[in-house]
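S.K.: One structure coming up, written as structure tokens, with questions to follow.
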Amino acid sequence: MIFVLDVGNTNAVLGVFEEGELRQHWRMETDRHKTEDEYGMLVKQLLEHEGLSFEDVKGIIVSSVVPPIMFALERMCEKYFKIKPLVVGPGIKTGLNIKYENPREVGADRIVNAVAGIHLYGSPLIIVDFGTATTYCYINEEKHYMGGVITPGIMISAEALYSRAAKLPRIEITKPSSVVGKNTVSAMQSGILYGYVGQVEGIVKRMKEEAKQEPKVIATGGLAKLISEESNVIDVVDPFLTLKGLYMLYERNANLQHEKGE
């Protein structure tokens, strides 16, 4: 069984794969202040709830866009699983040809999504990930990672309205009953939702025009389903794209080590 861990700025998503299938997954808040023991006890409870233990896990891979948390997570893996985790970063074999000016600038989550997207959906491809930041990644027909777009995430936009405008409340991100809001909350919900739908459609349109291609558009992340229901440019919603990519990277690197006799 392989344990995969994707750490984002707001949430961390964990999963266990068994024989290539995602057996279970969990989501928890990213906490930069937790120790390896606190993470260890939390993961222990999650595993035990599914009738699993640390000993059932034979390999671990971690992707993180939050560097301060990595020390605690690596220590947790070594202390409780007795396994040194594979970390997505320099040295890992992705098979991805990255055409960024500085490939090291590409976030681990974007690399993982690209690996999974190419394997599952082919190319050319646009991957939209609705996280703390919303990222758009373009993979061309030759399966090269060409770059992308980064915008403030949906929740950041909503929080900015709440924190910077004294009379505007904090809202739930959901579809309002109409585009024209009849009260402050519904007006804000409409602005956030349909403003983002417009952003997605506009950016995807421009990316396609610049690439002179008609790539398939894959959406992932917490609010991908909500946005896709209001947009006509998203072809597939895959909520577990990143976890699948992590598993694929683990298998690729484990097989390479096996071939080398390591």
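Cβ coordinates are placed from backbone N, Cα and C, and glycine is handled just like the others.
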S.K.: Of T35, T94, T132, which one shares the ATP site with D6, V7, G8, N9, T10, N11, A12, V13 in Swiss-Prot?
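M.R.: Among the candidates, Swiss-Prot records only T132 at this ATP site.
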S.K.: In Å, how large is the greatest distance between any two Cα atoms among Y100, G107, A108, D109, R110, T184, the listed binders of substrate?
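M.R.: Looking at Y100, G107, A108, D109, R110, T184 as a set, their Cα atoms extend up to 42 Å apart.
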S.K.: Around D129 (K(+) binding site), which of the listed binding-site residues (G8, A12, G107, D109, R110, T184) come within 10 Å, judging by Cα atoms?
M.R.: D109, R110
S.K.: So among Y100, G107, D109, R110, all listed as binding-site residues, which is physically nearest to A12 (ATP binding site)? Use the C-alpha atoms.
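M.R.: If we rank Y100, G107, D109, R110 by Cα distance to A12 (ATP binding site), first place goes to D109.
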